[in-house]
Amino acid sequence: MGAVSRDDYIALCTELVEHDRRYYVLNQPTISDYSYDVKMRELQEIEVQHPEWKVSWSPTMYLGDRPSGQFPVVPHSSPMLSIANVYSLQELEEFFSRTEKLLGYSPGYSLELKIDGIAVAIRYEKRLFAQALSRGNGVKGEDITANVSTIRSLPMRLPQEAPEDLEVRGEVFLSYEAFEELNACQREQGKLEFANPRNAAGGTLKLLSSKEAAKRKLDLSVYGLITDQKKRSHFENLQLCSQWGFFVAGMPKQCRSRQDVVERIREIEEMRAALPMAIDGVVIKVDNIAYQDRLGLTSKHYRWAIAYKYAPERAETILEDIVVQVGKTGILTPVAELAPVFLSGSRVSRASLYNQDEIEKKDIRIGDSVYVEKGGEVIPKIVGINLAKRSLESEPWKMPSLCPVCHEPVVKEKVSVRCVNPLCSGGMLEKICFFASKSALNIDHLGEKVVTKLFEVGLISSCSDIFALAEEDLKQVPGFKDRSIQNLLASIAGAKKVALDRLLTALSIPFVGSSGAIALADHFGTLDKVIEASLDELMSIEGIGPKVAASIVAFFSKHENREEIRRMQELGVQVLSKQSDKEAPLQGKVFVLTGTLQQMTRTQAEERIRCLGGKVSSSVSKSTYAVIAGSEAGGKLKKAQDLGLSIWNESELLRILDAKSVS
């Protein structure tokens, strides 16, 4: 690692916080586990060398799974930590040596599959299923009981030989078969497909409707048991779980020696492709429970366990073409069109090529037979070329000098090639899709396919056009029915009240992600102050370096960007100010939403309540301040009435929100 400045440190923190959010909250990771671990180790090394730089929000301080806000948060019975990863047999030997040095002798080990899913804790009371929690930050997790209860392989009642009260920990996942069924359903409904089974499982556990979750065929494999009556060994505990009706995947095995462990690792790697679910490695644990207790844990990991990660699965196929896409900030990205191949449980027909430099470095050519892998089972990429199969007539590929969409000249930057035409329809389509997406304004019923259709027929050509859509215009679009039109217009109306950080993210300011947008909103409070901010003022904000600050100033200095914001405001968009705890009128008050809202989505309502300091829970209790009852409200409304709680309709909620929240 070369010389590092504090700005470099802050930039790395910010990058990892964003990766944590994408992995744990959005279930949309963009880098491999290995790349993440390398960056995390670099961050830890910097903090050791420069402890005075360490910020309170450093990703080394938590596990990354921040609450989504949709479910109540509950403490774990004991820390639910992650397991450290190793990627080579040499690193595994270091784990063995470290463990044996701490104990003073060589313990036995158990070995099990590392399923690529979502970790959960499941509690039983009087042998009946009682509660399920996500891992969360390791100390507290979200109550996902309703969605976990839809897992058919999860026993609702345990046999008499099981202890009355116990907790199991396991991995929620989707089999390859269930994953393919789900994506087929997504395609039929015109929705985006999930990138991989883990993303699909994570998204399912976050659903607000357990009826929808039940349709997705989640599965659960148990990997741990917490009870006063547990056996002396971890392996025996897993056998007990299996006897009580839990699914324990992949033949856990006791290993007497290091060599036994290595042999088993190789056996599983050979059978990996034939397994019915995605795995990304194996977990090795000290088998004796008393030894586990002696070894203890760190702030992030168990000392008695390690995950050995396999190299990503690889396949060979033909590179049929290279197409160039224009992104939301105008960057041109080459994409490989591949002869379809099955890899890591899904059909792969495209792969990212990143940029011209990457293509030149690997000398990738159209017609090549290439090796493709999913980095950390996330995004397919080309990792090599079978030169023995290369045609003598193949030629090096070059990035076009004109934008493939608007045909204007492109500009070569340090690494990227960018179309700087503000009217380029290619970049604008991507920008509008992102603006409406879950990561930005989260406008229901306005997914990528709908945006593309509206763009192609000329109804929208900018983000602000979304708010000008009218019923009579939409009726002219083939395939749009009355109900879908009403749903879309209702979602757009709800999106007109938008939190400041959400809007800043949605504007696609170069180098400003969600973390930067939150920092700007926290510091300035209003949109006008952000727009008028100077370079020096921006650079005074922790996490905003010179490059990002210059990009923000440049963005808001452009007439077309200011005009776009002005038009949004003319069309009714109101930016919710970021209020301090002292000013927040709903500070500390807990709300529960039930039934269907008509004028905004539930997510939009929750966000507006939080902007005013309120909290949103999924369950009614004596601490609930008010229950917001929409149409078809069910059991939560009845419970609120029984407890004598305040019950508001949607109009009452909107009256409070509109009076208090608009800057």
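Cβ from N, Cα, C; glycine included.
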Handout entry: Listed co-binder of NAD(+) (same site as D33, Y34, S35, Y36, D37, S82, I83, E112, E171, K285, K309, source Swiss-Prot) among R6, R135, R152
Key = R135
Problem - Cβ neighbour count within 10 Å of R135 (NAD(+) binding site) - result: 22
Problem - D33 (NAD(+) binding site) CB neighbourhood, other CB atoms within 10 A - result: 21
Practice task
Count the Cβ atoms, other than its own, that fall within 10 Å of the Cβ of C424 (Zn(2+) binding site), considering every protein chain shown.
Solution key: 21
Completion exercise
Residues lining the Zn(2+) site besides C403, C406, C419, C424 (CB within 8 A of their CB center) are V326, G330, P404, V405, H407, E408, V410, V420, N421, S425, G426, G427
